[in-house]
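Below is one structure; the comments refer to it alone.
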Amino acid sequence: MNFELNAAFSFTVGIGAIIGWIRIRKTDPAFLPFLFLLWLGFLHELVSLLLVTSGYSNALTYNVFTLLEVFLICLQFYKWGLFEGKQRQFYFLLLFFGFAWLMEFAYRSSLYIYFSYCIILYATFIVFMAINLLCDVMFSEPGPLLYETKFLVCMGFIVYFTYTILVEVFWFYGLNKSTAFRLRIYELLGYINLFTNLVYAFATLWIPLKRPYILQSS
């Protein structure tokens with residue numbers, strides 16, 4: 001896969017971002033963190049493209065994006081009731097993620113090196129949280145799951161972040177030394193990125209609208 005095609009696949013996150021922007025005023029507030037995540041993802045892809053094509057590394061922006069990403073995903077899970085009755089656990093998790101990010105920064109002494117430990121840590125937590133919420137949705141939603149935004153988003157998270165973990169583990173164990181193998185790994189990541197972005201775009205079409213307020217007459 002060439003650079004241009006991979007960049008095109010990455011920018012498909014903009015499809016969901018545009019749909020979300022069009023529907024923002026009618027969107028149920030409980031789904032806003034997901035829309036913010038799409039907009040942040042699109043902005044990150046744009047900045048990364050400008051940096052890479054100018055001969056610079058996007059490690060700095062990716063490290064910052066990774067932290068903001070996990071915060072938004074946790075907030076979205078909170079809005080969807082995953083931390084119902086567990087507010088302290090929610091805030092502790094955010095503090096833990098922030099602390100882990102600072103610790104890896106201290107360990108590497110640079111923001112211009114990819115924070116691989118945090119990437120694996122965040123992705124692992126996201127996958128487990130998505131599986132937990134997915135089970136709740138499957139047993140609580142009476143309608144077709146194909147049109148259930150929570151189900152689609154959780155499936156996208158599970159697929160993408162599971163593969164992200166595998167890619168980082170490959171790097172840790174030196175399985176990327178073969179050029180052909182490394183290219184295959186990132187080619188597949190490009191297709192997974194495309195798939196999940198299209199899933200997110202489809203999910204935005206089924207985001208519930210704001211509930212109308214009914215004024216009661218006295």
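Heads up, the Cβ atoms here are built off N, Cα and C, so glycines get one too.
Annotated features, as they stand in TrEMBL:
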- 6-24: transmembrane segment (TRANSMEM)
- 31-53: transmembrane segment (TRANSMEM)
- 59-78: transmembrane segment (TRANSMEM)
- 90-107: transmembrane segment (TRANSMEM)
- 113-139: transmembrane segment (TRANSMEM)
- 151-173: transmembrane segment (TRANSMEM)
- 188-209: transmembrane segment (TRANSMEM)
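For the transmembrane segment (151-173), the partner stretch with the highest count of Cβ pairs under 8 angstroms, out of 6-24, 59-78, 113-139, 188-209, is 113-139.
A Cβ distance under 8 Å defines the sequence-distant neighbours of the transmembrane segment (188-209), meaning residues of its chain 6+ beyond its ends; these are 1, 5-6, 9-10, 12-13, 15-16, 19-20, 23, 26-28, 30-31, 34-35, 38, 147-149, 152-153, 155-156, 159-160, 163-164, 167.
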